[in-house]
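Working notes, structure below.
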Amino acid sequence: MDVHTTKGEQLDIMEEWQMKKLQSIIAVMIAGLILLAGCNQSNESEEEPLDQNQEGQDEEQSATESNENDQIIGMAETFIDQLNEGKFDEATENFDETMAEQLTADKIEGIWNDLHNQLGDFIDQEFNTVEEVDGYQVVLITGIFNDDEVTFQVTFNENQQIAGFYIQ
């Protein structure tokens with residue numbers, strides 16, 4: 001029994017293989033940039049002594065954290081909107097120093113264009129949650145595209161600057 005493939009089938013197989021290879025390269029690049037950005041951040045934290053008004057301070061802190069969460073959620077959503085609108089220079093303006101060095105406007109444009117090519121047009125975003133990880137605020141947002149959904153992870157430092165960006 002002879003098994004033959006046409007030239008068209010061979011091209012389809014090659015294109016599929018190249019697309020998978022491109023996806024893997026993009027994933028590794030994004031992960032590497034995020035790791036580099038995260039590794040270069042300082043994790044300095046100071047503990048404040050407890051005092052008699054701790055309960056009142058806890059309530060104030062909770063309200064402050066809620067306001068800060070609302071602010072960084074808005075900043076994360078604006079960041080995704082800027083990417084979708086092609087405003088890559090504006091999108092990188094709120095990067096911390098390390099992110100600005102590692103992920104330039106040109107690089108993020110390339111990543112966004114690759115994402116667009118793989119998943120189709122960007123349709124919408126939906127906020128999921130805010131998590132605190134090692135002193136950073138991590139905003140998780142579902143990105144809805146024509147062909148699939150992704151999770152955008154936008155990480156903010158204590159100065160409310162973007163210290164990490166990851167796409168899952």
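Backbone N, Cα and C define each Cβ position, glycine as well.
Taken from TrEMBL, the feature region 'Disordered' covers 44-71.
As annotated by TrEMBL, compositional bias 'Acidic residues' applies to 44-62.
The average per-residue pLDDT of the prediction over the domain 'DUF3887' (76-165) is 97, rounded to a whole number. Taken from TrEMBL, the feature domain 'DUF3887' covers 76-165.
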> Do you know the DSSP helix, strand and coil residue counts for the domain 'DUF3887' (76-165)?
Replying inline: 34 helix, 35 strand, 21 coil
